[in-house]
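Features as listed in TrEMBL:
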type: DOMAIN; residues: A:62-623; note: domain 'CstA N-terminal'
type: REGION; residues: A:1-26; note: region 'Disordered'
type: TRANSMEM; residues: A:62-81; note: transmembrane segment
type: TRANSMEM; residues: A:122-141; note: transmembrane segment
type: TRANSMEM; residues: A:147-167; note: transmembrane segment
type: TRANSMEM; residues: A:218-238; note: transmembrane segment
type: TRANSMEM; residues: A:285-306; note: transmembrane segment
type: TRANSMEM; residues: A:313-330; note: transmembrane segment
type: TRANSMEM; residues: A:350-371; note: transmembrane segment
type: TRANSMEM; residues: A:392-415; note: transmembrane segment
type: TRANSMEM; residues: A:497-518; note: transmembrane segment
type: TRANSMEM; residues: A:539-562; note: transmembrane segment
type: TRANSMEM; residues: A:605-629; note: transmembrane segment
type: TRANSMEM; residues: A:677-700; note: transmembrane segment
Amino acid sequence: MSKRVSTENVDQSQLPPVALTEEEHAKDHKMSPLKIAMWVAIALLGGMAWVMLAIVRGETVNAIWFVFAALATYLIGYRFYSKVIERYITKPDDRRATPAEIRSDGKDYVPTDRRVLFGHHFAAIAGAGPLVGPVLAAQMGYLPGTIWIIVGVVLAGAVQDYLVLFFSMRRGGRTIGQMARDELGKIGGTAAIIAALLIMIIIVAILALVVVNALGESPWGVFSVAMTIPIAIFMGLYLRYLRPGRITEISIIGFVLLMAAIIAGGWVAGTDLGAQLFTLERTTIAWGIIIYGFVAAVLPVWLLLAPRDYLSTFMKIGVIVMLAGAIVLVRPEISFPAFSEFAGGQEGPVFSGPLFPFLFVTIACGALSGFHALIASGTTPKMVEKERQTRFIGYGGMIMESFVAIMALVAAISIDRGIYFAMNSSAAATGGTVEGAVAFVSSLGLVGVELTPEMLTTAAQNVGEESIISRTGGAPTLALGIAQIMSAFGGTAMMGFWYHFAIMFEALFILTAVDAGTRVARFMLQDAIGNVVPKFREVTWLPGVWMTTAIMVAGWGAILIMGVTDPLGGINTLFPLFGIANQLLAAIALAVVLAIVAKRGIFGWLWIVILPLAFVAVVTVTASLYKIFSPIPAVGYWANHFAFKDALAAGETSFGTAEGAEAMEAVVRNTLIQGTLSIIFVVLALIVLVMSVIVTIKAFRNGGGPDMEDAPVPSRRFAPAGFITTPSEKALEKQWEDVPEVLKPTEAGQS
Amino acid sequence: MSASIATLWSHFLRGVKAVRWWVTNVMGDRSYDVYVAHQRRHHPHEKILSEKDFWRAKYADQDANPGARCC
């Protein structure tokens, strides 16, 4: 028991220091010969791994080299590049209190242990995105995607996340939209908010499309994914009425129930009645998700959203650990080429358009994801305990997501390349039949690919599906890859279980994103309408909530239905829009960061922001221009639009892969919407970029600009900055342990 | 020999405890404890909500201010 001391009577200056001195930092980070040797070894290992991936071209390449190349590059990027950003751009000061410390309220603003907050932040940023994009990008071979995921995260994605987190923290946890208005003015700010709203709709629609494609004609999948709803509701009731706050306990129970649901799914799908009941058309599933999306978004969070989110977080961490372990243990041989036949062309069957810029929009999450700017400027900055920790949480968290993307890529390309194309080419190309798929894949003339009908039927049989032809959207391909890797432990008998396990966790992440995205979008819309009709701002006014929710659900629902019924094979034409939208948000976030850094008067190191901003701006604008102006119908929305329109006018009843006038009219309609969205996106992006450049040039002329940061408040607590506690930090922590109990700061994560 | 097994065992127990600490904190089991500690320290004269009411208030708050989940 410590002595009873009243807080008022103690001189606060008697507290130990709240930050390390410059000398202590220098001492901790001094390069001893041993450390130098270690970093040389890491660099050599990474270099060797890259050589194995990029230059040594055997028949196959071992998956372990992907892991080494990624880990070594991440370590070097984290230790050196993010340190440069810390030293010259963010310049954190641990003597300043964070919003969590200043406004500490025990609920939203809670100084949280850095390792715990890392987990929180990671669970909020990582979902199905990094599991889907890399799979589709494998059409071009493994190397372009691998380089973009690993190098992109170090120079772009992690930089964005870290800087947005840091600057939002310095502004009391303000959102990216508010920061855009503060830094870029009213026009730039409004454009940023409209873009964010549109992007939310697109992202929800396309993620939902991934689920629909994975569940179409799959009774096993439909049953096990549908079961997540009653399981989540049970968890919600348990937490509300039986044992409030026992989240880990109920998550473990929920997890066991989910496993049971997957096993039961195999059995249900095996019975005639079950197969009849749960074999659903894609359109039916799409309508199911739309209705579900509306209901889930108006139900109270405790009943469905929160418990499913717990389950999803629990699975996220578990699955990633499992997948990493399995890849390292199994070390599958990859037979995909570094660059495929489609790397140089524009009309690959999985997604169309040339490598530059479309590879960089197809893989968004995992390399650079603008959506993270919403998270890094939302809850996380309100929970940071010490300023220096933002590097570990922001930069480190994004590196972790990149690693997930690499593992997804490796798992997906461990399958046969012929099967890959049979699964990922649209039904319009394969006809949805084994013979059609074999004929189509052989017509592609791929080197080293000999796809036989038996390969396709055996693969489908192994995972307990009727067929795996044209299961587009990435999720089924990844699930097959995971099932194959895991079969090293459980044999082929277990493949059906692992396949549906993988489908289920992807669906779980996506349904959470659909539900949460609809709520956030509704909230933004309520706020916007509230400017005119103030009553809409009241979050408890149910008609307002229902109306705005319905508008948002109608928005993404229309795009979803359009994708499901698209005669050209939805995901193939829509996925680029998803990537463009996400990268556009990244451009907006980086543009805001650029203005902030320029106003700080830091011009010598501004290139650190300009580099990813210029790249992503060029990528999104070029991709949009291709989508708007390309004369190749497979690439340009408008080219396709007018081609079909002309064909209709000429009285033709079939054109390209669309049969019948009705299908052709659908194409005309869909391309009109897609083309219009492309135009809106590029215009919004250009507005934000121009505003940002104007602000930056103005700041350059004046040697800086007004500082929008909150006034500094002295901190009264200490915590280490990174994952590993340094010797000086340990010594200082010891001093804090001797502080009388009553003076010790409270925080989340203290045992 | 038995001494080294004992140390190994204690290392193992420490590891289990650390994982448990991390998981329960990330999942949110400790949110109520954090709130109670905060109230005791900063608002000693205010009433402290029961655990059940604390969670009700927390979810009501999430209903009013939705947070995003990424893709």
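Every residue, even glycine, has its Cβ placed from backbone N, Cα and C.
Just so you know, TrEMBL annotations never went through curation; they're auto-generated.
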Intrachain residues whose Cβ lies under 8 Å of the transmembrane segment (A:62-81), provided they are six or more past its termini: 39, 42-43, 45-50, 52-53, 142, 146, 149-151, 153-155, 158, 324, 327-328, 330-334, 395-396, 399, 402-403, 406, 409-410, 414
Surrounding residues of the transmembrane segment (A:313-330) on its own chain - C-beta under 8 Å, 6+ positions past either end: 63-64, 67, 119, 122-123, 126-127, 248, 251-252, 254-255, 258, 403-404, 407, 410-411, 482, 485-486, 488-489, 505, 508-509
Folded-back contacts onto the transmembrane segment (A:392-415), same chain, C-beta under 8 angstroms, at least six residues removed: 63, 66-67, 70-71, 74, 77-78, 82, 85, 114, 117-118, 121-122, 125-126, 130-135, 137-138, 142, 145-146, 149-150, 152-154, 157-166, 320, 323-324, 327, 332-334, 336, 363, 365-367, 369, 372, 376, 380, 384, 474, 477-478, 480-482, 484-485, 721-723
When counting Cβ pairs under 8 Å to the transmembrane segment (A:122-141), the leader among A:147-167, A:350-371, A:539-562, A:677-700: A:350-371
Beyond the flanks of the transmembrane segment (A:147-167) by at least 6 residues, Cβ under 8 Å: 69-70, 73-74, 77-78, 81-82, 85, 89-90, 92, 125, 134, 137, 176, 179, 359-360, 363, 366-370, 372-373, 376-377, 380-381, 384, 387, 390-391, 393-399, 401-402, 405-406, 409, 586, 589-590, 592-593, 596-597, 608-609, 611-612, 615-616
Beyond the flanks of the transmembrane segment (A:539-562) by 6 or more, those residues with Cβ under 8 Å of it: 201-202, 204-206, 208-209, 212, 283, 286-287, 289-290, 293-294, 297-298, 514, 517-519, 521-523, 525-526, 529, 570, 574, 669-670, 673
